[in-house]
Amino acid sequence: MAEENTSSVTEFILTGLTDQAELQIPLFFLFLCFYMVTVVGNLGLITLIGLNSHLHIPMYFFLFNLSFIDFSFSTAIVPKMLTSFISEKNFISYAGCMTQLFFFCFFVFSESFILSAMAYDPYVAICKPLVYTVTMSPQVCLLLLLGVYGMGVFGAIAHTGNIVFLTFCGDNLVNHYMCDIIPLLELSCNSSYVNLLVVFIVVTIGIGVPIVTIFISYGFILSSIFHISSTEGRSKAFSTCSSHILAVSLFFGSGAFMYLKPPSILPLDQGKVSSLFYTIVVPMFNPLIYSLRNKDVKFALKKTLDRIMLS
């Protein structure tokens with residue numbers, strides 16, 4: 001079997017989203033469409049930002065990375081999920097499960113902190129416009145990005161390390177469509193209160209620190225907006241922040257609902273539905289939110305399409 005010091009289970013079976021046979025094929029095509037929209041939307045946004053020099057500014061630097069994270073996040077989860085709809089038993093090896101868990105945690109934490117970094121940009125632009133160029137220099141943006149991915153690595157190592165040292169004695173049926181933390185903890189035969197405490201503390205850091213940062217940023221932003229005398233100026237400032245606020249609400253709302261409640265309050269079957277929001281819906285909607293509500297992105301798309309038509 002597997003290594004004695006890790007587990008007696010060599011592979012897991014993912015139950016998928018539902019066990020109702022008549023829903024499997026419709027759900028397969030539904031989530032395949034979601035994934036295709038996610039891939040096209042995020043890769044399209046990455047391409048647009050890369051090709052158009054007028055988008056090479058801090059706001060779009062972070063949006064470029066958000067799209068990369070969303071695309072990678074979705075790719076780490078959805079293809080394996082789709083197989084659960086079309087196969088009788090969806091097997092995943094122990095190593096494959098731990099790898100999926102690692103990347104899942106890495107991209108969740110990275111998304112959490114990139115949204116936090118994206119709140120800092122409008123704060124500087126609205127509250128400290130005279131020093132914006134210096135404050136949001138390429139070096140500062142790069143340091144912020146290193147912090148984002150550094151926290152991603154921290155979250156991935158903390159959560160995966162918490163699971164790797166557990167023992168899975170016999171039952172290998174994971175009640176989820178992916179290798180997630182709570183279902184694996186419930187499956188383990190030696191998980192304890194300490195393991196749940198580690199999850200709660202790490203998730204609190206991953207959700208709490210960015211949310212506090214975002215709230216503080218928007219507190220200063222709102223204060224500055226209310227001091228703007230012209231209605232047009234206020235409207236422009238609000239529109240600058242609206243897309244980000246919507247993306248933040250979707251991501252943090254679903255994440256907090258899933259992980260900051262005891263499993264007894266939120267049963268795993270409801271947790272699976274909740275997790276759909278941040279694993280599938282959020283990565284799909286982010287490029288739409290930032291594209292449909294953004295004049296610069298629309299202009300870049302028109303410019304790129306015109307360039308293609310003329311070539």
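Using N, Cα and C of the backbone, Cβ positions are placed for all residues, glycine too.
Copied from TrEMBL, the annotated features are:
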DOMAIN    41-290  domain 'G-protein coupled receptors family 1 profile'
TRANSMEM  27-48  transmembrane segment
TRANSMEM  60-79  transmembrane segment
TRANSMEM  91-109  transmembrane segment
TRANSMEM  130-158  transmembrane segment
TRANSMEM  193-226  transmembrane segment
TRANSMEM  238-260  transmembrane segment
TRANSMEM  275-292  transmembrane segment
Taking the transmembrane segment (27-48) as the reference, which of 60-79, 91-109, 130-158 gives the largest number of Cβ pairs under 8 angstroms?
60-79
Residues sitting near the transmembrane segment (91-109): Cβ under 8 Å, six or more positions beyond its termini, same chain?
2, 6-7, 9-14, 69, 72-73, 76-77, 80, 151-160, 163-164, 168, 174, 178-181, 184, 206, 255, 278-279
